[in-house]
């Protein structure tokens, strides 16, 4: 026989005739009186069938509830480390009042619907049996949970009391807490096994490891860049020009990529983030036209003897500026034709953005190329001063730096800035004085095929590279003579050393503001680096921000105060080709031949 639920009497349970879940067709009279003075009431066959159908329906519902509770218990056990659900006391211990049977004439067929509506509310997050409801338990050996006996919920049946569904609230802490097993050992996971203390890394240690790795990567790639820079320097002027053009191309790409076109009427959604089909093409078109104009000017100026002596290149030299302007007008017309509604404000913003980038980057790189053509020392030494200042500012900053220098770059310190200033001055004097000894470094470029290994580059050096003697004044010599002797009566020097002091001061005091400008630029766009082309250093713009400013200053300083302006064959030839007609040129040749023959020089034409 199946076990009898605690809320039914023995007589009412036997009246159902249910044994091991099976039914019987016998009519079992009910002997439970409505009161102590009432006699037993016999059920009709139809009423008994209704009770049996009700019992079967409720049994099925309880079996479903038991299976759902078992699944919930397994999930809770998996989350809490195979924890067992807490078992609540039986209904009698919870103070649930007993129910009295009522008359048989109140049996209703809607009891099944009431049971179906109330059963979902009886399934808690962690299955706990209460008042005879279905429950599940996980045994110590991990066996599957078993369903509780079925109960009957005929609210008005004379044999069965109405079901009691008042399940006490289970606190969240009780639900989540693991229960001990039969042996008294907890199954909760141990923190020292899942996360061993020896493997746990503190945030401070993790930050130190990241800083160490960043320092190693940054240092390694610094030496790689310096090594590649020196190799190209030894290969000749042409390789350095190509290097500058490559750097300016990467910088231009990184800066212009920050500007994107979006439709205003879509609110910046993904569908509205459509690029103008002409924007990228026009960006690079203006870049190419600007380079054609600037580098064409440099070629014409520094290679007059080649350009104006070649009949094929002469039209290019004489009409270069007109051709450049016409190419720019083609780009301007193309920009106007590409204007579209929805993009107008951003397209004009892009137009201004591109021209400002061309001014700050392409024009600056053009001046750097002119420095190379004037002599490698005017490119190599200023670039070295900027690198030296950056390195010493980093070293002094991480060692003794405490006071922030500028809000745009929080890592810059006053101590690093001042220490780098004095270090750069000493380094610049020694570095520049050493390289001024080589003709390969100080001679202007006249031949693109010259390298440091060819050894055939000679020129008349600029007067600032010629050593001179400074005689000590007599009062000073009388004061120092008894101490140091007459050895220091004259001190050798070169005027270039005074120019080195000026370049070193600019590299230490003004050029870093190019980096501060780039830092503010990145903060405006909320980015850390302009790109990732150089590991540990960010993008090319992050490395060239100070170099552009230094290169422009060097060119202006050299062309204004240092350049030795004199008449050259190229300049005379440029005047002859561009200012004289063919007949006048022939007359000039005849006069020049007559002059040379009068000087005893034989001329063969």
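Note that Cβ sites are derived from N, Cα and C of the backbone, with glycine treated the same way.
According to TrEMBL, the compositional bias 'Polar residues' annotation covers 1-11 (among others).
For 29-46 (among others), the entry in TrEMBL reads compositional bias 'Low complexity'.
Counting residues per DSSP class in helix, strand and coil order gives 12 helix, 0 strand, 0 coil for the compositional bias 'Basic and acidic residues' (55-66). TrEMBL lists 55-66 with the feature compositional bias 'Basic and acidic residues'.
Residues or ranges marked as compositional bias 'Low complexity' by TrEMBL: 67-91 (among others).
Summarising the annotation, TrEMBL assigns compositional bias 'Acidic residues' to 111-120.
Per TrEMBL, compositional bias 'Polar residues' is recorded for 130-144 (among others).
If you look up TrEMBL, you'll see 167-182 (among others) marked as compositional bias 'Low complexity'.
According to TrEMBL, the region 'Disordered' annotation covers 1-206.
For 215-234 (among others), the entry in TrEMBL reads transmembrane segment. Long-range contacts of the transmembrane segment (215-234) within the same chain: residues 240, 243, 376, 380, 383, 387, 391, 451-453, 534-537, 543, each at least 6 residues beyond the stretch ends and with a Cβ under 8 Å from a Cβ of the stretch.
Taken from TrEMBL, the feature transmembrane segment applies to 282-302 (among others).
What TrEMBL lists as transmembrane segment is 322-339 (among others).
Through the fold, the transmembrane segment (348-369) approaches residues 241, 244-245, 247-248, 251-252, 255-256, 259, 261, 276, 279, 282-283, 286-287, 290-291, 294-295, 298, 335, 379, 547-549, 551-552, 554-556 of its own chain, all at least 6 residues removed from its boundaries and within a Cβ separation under 8 Å. The transmembrane segment annotation in TrEMBL covers 348-369 (among others).
For 375-396 (among others), the entry in TrEMBL reads transmembrane segment.
The transmembrane segment annotation in TrEMBL covers 417-436 (among others).
TrEMBL lists 496-518 (among others) with the feature transmembrane segment. Proximity of distant same-chain residues to the transmembrane segment (496-518), defined by a Cβ-Cβ separation under 8 Å and at least 6 residues beyond the stretch ends, is recorded for 381-382, 385-386, 388-390, 393, 406, 408-409, 412, 417, 420-421, 424-425, 427-429, 432-433, 436, 464-465, 530, 541-542, 545-550, 553-554, 557, 561-562.
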Long-range environment of the transmembrane segment (282-302) - Cβ separation under 8 angstroms, sequence gap at least 6: 245, 249, 252, 256, 316-317, 320-321, 324, 327-328, 331, 334-335, 338, 350, 354-355, 358, 362-363, 366, 369-370, 373, 444-445
